[in-house]
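So the structure is just underneath, and the comments pick up after that.
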Amino acid sequence: MRTTFDCIVVGGGHAGCEASMALARLGQKVLLITGNVDRIGHLSCNPAVGGIAKGHIVREIDALGGMMGLWADKAGIQFRTLNRSKGPAVRATRAQVDRDLYMQAVKQDIFSQPNLSVWQDTVEAIIVKDGHTGGVKTALGQLFNSQYVILTTGTFLSGLMHIGQKNFSGGRLGDVGTSKLSSSLHSIGLHLGRLKTGTTPRLLKTSIDFTSMEMQLGDTPIPSFSFHGPKPSQPQVPCYITWTNEYTHDVIRSGMDRSPMFTGVITGTGARYCPSIEDKVARFADRDRHQIFVEPEGLTSQECYINGISTSLPLDIQLALIATIPGLENAHMVRPGYAIEYDYVDPMQLHPTLETKVLPGLWLAGQINGTSGYEEAAGQGLWAALNVFCKITRQEPFILGRDNAYLAVLVDDLVTQGTKEPYRMFTSRAEYRLLLREANADIRLTPLGRKIGLVGDYQWNLFQKKISDIDTLVNRLQNIRIKPDTLDPSIFLELGESIPNRAYTLEELLKRPSITFQTLRKIYSDLPITSEDVYLETETIIKYAGYLDRQEELVQRSAKLEHSYLPKEIDYTKVAGLSSEVIEKLQIVRPQTLGQAGRISGVTPAAITCLEIYLKKIHAFR
């Protein structure tokens, strides 16, 4: 049995699967250690991938050559484009996925991937050799050697589950966790905190009355995540919408005295943007109802996921509250909802590569860094893997700017500001979100994935054709002029647009708010035939040209700070004009650039000016 590897990945969740696949595909010998091989790629909470900002991350993973988009497209049973009526910056893809099909897709790739070995075991300690990572020790007494370890432990670090006043240890309902690894990380010098998340009851599909609910269908044509993979081919199924009511809320209030959240049993901080139903009822007392989505767990599954009633209330209260909800009056509970507390590492102890500052060779990715969500985890797994690969091959680190990717915003927020609650990505977190559209993730990132070696020939050729098609289409639109006497006035009147009184290029016409490519085809039938993606991206480039230019200008203005690097061993006590509070925060984060320093909470513009003056002095001295 092989015991030495180029990299060891601990944890078979979304971060671990993405990390191990990337490194193995890049030619590295990888060992993936997970506590339960049957649960590799398991969707622990809701059976869905994507959503606002999260869909952006999935597409960025795909653009770089990662896997999540391919797996979601294979297993998707309902696809929707969210915010379709809003601007291109916030439009996002979300897929309801078949839980079993998703795991099958992941495991098929994991077990067939050359260079990738899988071992079922529990990692209990990080081996340290001469101040560097040396490998891991497992519960079965195995010692695996590697200079590079990526920890992707999810909720399994000292996990403690709660249902009412009952609690039991584990990483997930039905799976054991680990407390010894927490102790090992603490002994290394990492500071751990405590977070909390939760999940909803699962109900028997045949016991639900769907006729009293609102049906929600997916989109046609079906959107997808991957720029280069097969289009979704699974049968598409509906979700359903229902609501809580005052009776539901009365039942919930009656159980608050036995809620682990409201009696102080749970000490970990929960997700602000994914509150439990008891938290929603307490915080929004003026609301007489809350929306619930009834989501299928899969095409052949007999369970439904009840999205919107995550809870850790006692079992009798869970049963009673479900019986008050329209359509669920006679529903049979298959699995209860529960909360889980777990350890995480303060991410300000990480470099922007996600390598720990205290122990070279140890990387962290996913919920261990304080994030929530499959997509955020998968993105960190890929980010960590690419940086491990760069370190092994002695290349420059793989670090992107906040104007390049949501992945960069995510990592920069974590390592610069840290988090005291589960971090979730939103489009509002990105200051350059119009540049970071879901639709142009390939344009932003595929050349980088190709350069590092993760984007294959097929994906690269498709990308190059797309770029060529966009260039050709833009050129045609700029050079084709339409005279007013050749136009059908009714086309413009129907849209509420003024009738052109002079010759216009097709580009000028497309800039009008109500005119789309569908309209242009009526005006000029000889447009190049290409994919819908090319039409949409071209339309965005032309319609939003002014806004895009303005964001590019903002990027250029901040570029000076982003490229002003701070010395690694800088002593901030020697920088004149800095307050003790600012010095303390700079010493903790150790920012790499002035731009990153400026994003640290409490570091003022005046402090940045002091740092600029200091840099000028030391550069002049040299």
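Here the Cβ of each residue, glycine as well, is placed from N, Cα and C on the backbone.
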Besides G11, G12, G13, H14, A15, G16, V123, T178, which of Q302, Q318, Q349, Q367 does Swiss-Prot list for that FAD site?
Q367
Among G11, G12, G13, H14, A15, G16, V123, T178, Q367, recorded FAD binders, what is the largest CA to CA distance in Å?
18
For A282 (NAD(+) binding site), list the number of other Cβ atoms lying within 10 Å of its Cβ atom.
17
If you measure from the Cα of E278 (NAD(+) binding site), which of the binding-site residues G11, G13, A15, V123, Q367 is the nearest?
Q367
Work through the binding-site residues one by one (A15, V123, C274) and point out the residue whose CB has the fewest other CB atoms within 10 angstroms.
C274
G11 (FAD binding site), Cβ-centred 10 Å count of other Cβ atoms over all protein chains shown, is 30
Between the binding-site residues R272, K280, where is the Cβ count within 10 Å the lowest?
R272
